[in-house]
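**Student:** Have a look at the structure that comes next, please.
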Amino acid sequence: MGRVRSPHPYGHRKFITMSDGATSTFDLFEPMAEHCVGDDITMVICPGIANHSEKQYIRTFVDYAQKNGYRCAVLNHLGALPNIELTSPRMFTYGCTWEFGAMVNYIKKTYPLTQLVVVGFSLGGNIVCKYLGETQANQDKVLCCVSVCQGYSALRAQETFMQWDQCRRFYNFLMADNMKKIILSHRQALFGDHGKKPQTLEDSDLSRLYMATSLMQIDDNVMRKFHGYTSLKEYYEEESCMRYLHRIYVPLLLVNAADDPLVHESLLSIPKSLSEKRENVMFVLPLHGGHLGFFEGSMLLPEPLTWMDKLVVEYANAICQWERSKLQCADAEQVEAGLE
């Protein structure tokens, strides 16, 4: 109910042709105020599973970030937008960073003076953390990264997704049903009789897709084959950000909720342990918030703007101010050295 009154920010849709012929899209929203430190800052945002810039929680966050002086670039997951056809036999997967990386490179090239704040929600949190950890060059011009409500390890999460506590198995079914609808809407591009079809994707996989009742079944029969993984275990191990987190050196804020029905408490030992070992990592775990909820206000009429939205922007503001103060201190030291 808190999403009923979500704002409608105005942006421009950008199209990028990938090396395999896929057409990636993202929406660009310009700032509506001057930033608190007066700099050019762009938030590069990766939404949750099968989501895009038109989802209510993304619209609310973008509107708030714009009003605080941030340019926002929001990735539309490949295949997620109903009015954008696939131009290659591939769609978004759990940990593929290609489209997000293409968007970031576009922003760096188009706005050479801008600095980046990287933000990922749910599955998007996995993608952005994996992207930053893949190579040190991906952290260039990045001020900080914020990940909200991700699960860190798909391999460890798959067992918990079949459990019924907090209705997790039911949520699994609902998300799987949504994924089936998206995949089937692109049936011709993915399963059509043409030479571009992945060699590992067979017509029998389409039959198994119809019968799938969990995300794991869909991942095993379809998603892992887009990138040639031989098993579900290999796919989850390689596509999870857990093995990349220790390679992130910029300030990293990891946010989860203790009552998240999708992220089991056993998975939270990953960010907790990392924050204890790394000075650049902060782990935030409120008791309540659900999965990308964090509503404030009354129960029947919660505010559209959530604690999550304000937290991400305030953390980004603090990092920007910290970076500005470091530069000022460095300039003052150089002046003093010159006088001596």
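Backbone N, Cα and C atoms are what each Cβ position is placed from, and that goes for glycine too.
Just so you know, TrEMBL annotations never went through curation; they're auto-generated.
The following feature annotations were taken from TrEMBL:
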DOMAIN    42-297  domain 'AB hydrolase-1'
ACT_SITE  Ser122  active site, charge relay system
ACT_SITE  Asp260  active site, charge relay system
ACT_SITE  His291  active site, charge relay system
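Walk me through the surroundings of each of these features.
**Tutor:** Sequence-distant neighbours of Ser122 (active site, charge relay system) (same chain, 6+ residues apart, CB-CB distance under 8 A): Pro47, Gly48, Ile49, Asn51, Val148, Cys149, Gln150, Leu262, His291, Leu292.
If you take the C-beta of Asp260 (active site, charge relay system) and look for same-chain residues 6 or more apart in sequence within under 8 angstroms, you find Cys149, Gly289, Gly290, His291.
Packing around His291 (active site, charge relay system) is summarised by its Cβ count: 19 other Cβ atoms lie within 10 angstroms of its Cβ, all protein chains included.
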